[in-house]
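TrEMBL annotations:
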- 41-61: transmembrane segment (TRANSMEM)
- 73-92: transmembrane segment (TRANSMEM)
- 104-125: transmembrane segment (TRANSMEM)
- 195-217: transmembrane segment (TRANSMEM)
- 229-250: transmembrane segment (TRANSMEM)
- 271-297: transmembrane segment (TRANSMEM)
- 317-341: transmembrane segment (TRANSMEM)
- 370-388: transmembrane segment (TRANSMEM)
- 394-415: transmembrane segment (TRANSMEM)
- 474-497: transmembrane segment (TRANSMEM)
- 503-527: transmembrane segment (TRANSMEM)
- 537-587: domain 'Cationic amino acid transporter C-terminal' (DOMAIN)
- 564-582: transmembrane segment (TRANSMEM)
- 621-646: region 'Disordered' (REGION)
- 636-646: compositional bias 'Acidic residues' (COMPBIAS)
Amino acid sequence: MPSSRKMILKHVMSGICTKMNRKMKIPSDVMETPLNRCLHTFDITLLGIGHMVGAGIYVLTGTVAKDIAGPGIVISFLLAGLACLLSALCYAEFGTRIPKAGSAYVYTYITIGEFWAFLIGWNILLEHMIGAASVARAWSGYLDSLLGGVISNTTLSITGEMHEQLLGKYPDFLAFAVCIFYAMVLGIGVRHSALVNTCLTTINLFVMVLIIAAGLYTANGENWSKRGGFLPFGFSGVLAGAATCFYAFVGFDSIATSSEEAVNPSFAIPMATVASMCIVTIGYVLVSASLTLLVPYYDINPSAALPDAFSLAGLPWVKYMVSLGAICGMTTTLFGSLFALPRCMYSMAIDGLLFGFLGNVNSKTQIPQVNLVISAFASAVIALLFDLEKLVEFMSIGTLLAYTIVSASVIILRYRPTYEIAASKPLTSPGSQISASTSELTTPASELINLTGTLRVQYSWLGPVFGNCVPGSVVTGAVCVYTFFCCALCALFQVPNRDLQSGIWWTVVFASVFILVMAGSLTVICAHHQNPTNLQFKVPMVPFVPAISILFNIEFMVHLNLLTWLRFFVWMVIGMLVYFLYGIHHSKEGEGTSSYSILMTSSEAGKEKWGSTTKTNLKSVLTHRKSSSGDRSAIIDDDDDDDETE
């Protein structure tokens, strides 16, 4: 028996490190999907705006302005928007490369490996689940405040108060019902639910414009000079406000999640990402400025800031418009979370890392309907029991971790040779540029492809140290070193803050060493050749933009309290059990086949679809390039488009 146990243990543990570091290859059938590709750039842009403009503007703004930053909330939103924009650019590049559901999970799987991909995917599930629950709770709380506390008082009189510290004050049955109802709306199909989202988001944007116009029209500039002036809590209050305001922007990754249902993801995802981030950031800044100019920050009512502010300013009619916008805005935010959560579960399930039945897609609605039911019920139970403040804190940590790893993945993938990325060069969607796999056949760029991840000539002096390393491996190591010392630097700023400000010698020395090591890591990365693959969108100034994003995200993470980290640890332990007991043994990457190919029957796989690397398409591309030098039009001919439309 002991020898049998040893054999079993050896079998289970054999090659475990290799399995954990398995990387997904970009499949040749990258545009193939059982989901419904029906979303255009406008639909996806409004999906992103709707997901971001909700509880943040109607609930979060008043709390931050009164208790954390004062009128400095304007700067807080600018900083939070800038940090999120850097991460959003990284998501946009990956959305162009890999038009698949799963967002950061898929990106990490291709770049870093299976284990880290599972961690990110598991945290994305947490992010959207708690995101839906927190918005449902805010939706209920906002309506309750408008009705004078009727809902909460009635519930307390029936059920009594919950005295458990980790739970909310009372069970919120309205929030539970809201989650279930809006999940039913999403269940009718992505095309119809996108139309509902578009209508609600349009109303919300109209209300935002009204708030800004009415607020600035009746503004009183003296409100920014009372009780401490523009920064009554100092710049530290602005930074703390930025960490809190970060919650208002976390919905942009729903744009990347929708890439598998986008008609032309290579164009739509980056355009929708940049457009929605810019619109939302400008909107938040102007609304917060209007609020703090309308009434002094210390007179703001955190539970219903905007309606009360306009009532105090003598514009009670605006209150009703604001209430309409709040309901619409929080509804679209809830839509975004409940839209993204089932698709992330679906993406992990078809890769074998979650249970197989979660990869099923309803043939009629073309959505993962079982996942939607599970997501709605789980979010509804969380909304029923937990308080909004605890949910927001718990949500932020997983989101920031995902943003950090996606930013790091952009650097790693940019310096990795093409043959390590793609199993077969994927073709791009209609309306996009010709993929690098084709252009490299006829352009001088093909001569550079073998140089990717190797040292540049001007940095040949680093050859004795890095010259014999595998292409791309040095950059991966440098990114890990940079990220580690970012954590160390942010922790140094957080823990011995007084010593650092006082100039105590050891804190200054440590900070200087950390900064020098981070700068050295970036120098090593810049010393290598980037991958010259042509994409419709690339993050500018790599590795510096992703590196700054990593630093910002880690700085926000260290501001989270210890209890949040403990809850996060418990969630990760549960995830590790799922991965090591199920996912690592059922991963499709262990079978040597594309996880997306198996979704298609043999007859369907043989058809010429978008992204199928057939001889006919390749021949037509080469012929077209010979006749029109430098042309970068779509590689799918008209006949293919017609067939696909039919």
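Cβ from N, Cα, C; glycine included.
The shown structure was predicted, so the numbers you read here are calculated from the model rather than taken from an experiment.
The stretches the transmembrane segment (41-61) and the transmembrane segment (394-415) are not in mutual contact, being linked by fewer than three Cβ pairs under 8 Å (pairs 6 or more apart in sequence). Below 8 A, the CB atoms of the transmembrane segment (370-388) and the transmembrane segment (317-341) form 3+ pairs separated by six or more positions in the chain. Of the recorded ranges 104-125, 195-217, 271-297, 317-341, 564-582, the transmembrane segment (394-415) has the largest number of C-beta contacts under 8 angstroms with 104-125.
Counted over residue pairs separated by six or more positions, the transmembrane segment (229-250) shares fewer than 3 Cβ pairs under 8 angstroms with the transmembrane segment (195-217), which leaves the two as not touching.
Within the same chain, the transmembrane segment (474-497) packs against the transmembrane segment (503-527): three or more Cβ pairs sit under 8 Å, each pair at least 6 residues apart.
The largest share of C-beta pairs under 8 angstroms with the transmembrane segment (317-341) comes from 195-217, of the ranges 73-92, 104-125, 195-217, 271-297, 503-527.
Taking DSSP states H, G and I as helix and E and B as strand, the domain 'Cationic amino acid transporter C-terminal' (537-587) has 39 helix, 0 strand, 12 coil.
Within its own chain, the transmembrane segment (73-92) is flanked in space by residues 61, 64-65, 103-104, 107, 238-239, 241-246, 248-250, 252-253, 255-256, 269-270, 273-274, 277-278, 280-281, 284-285, 288-289, 292, 403, 406-407, 409-410, 537, 539-540, 545-546, 548-549, 552-553, 556, which lie at least six positions past its ends and keep a Cβ under 8 Å from the stretch.
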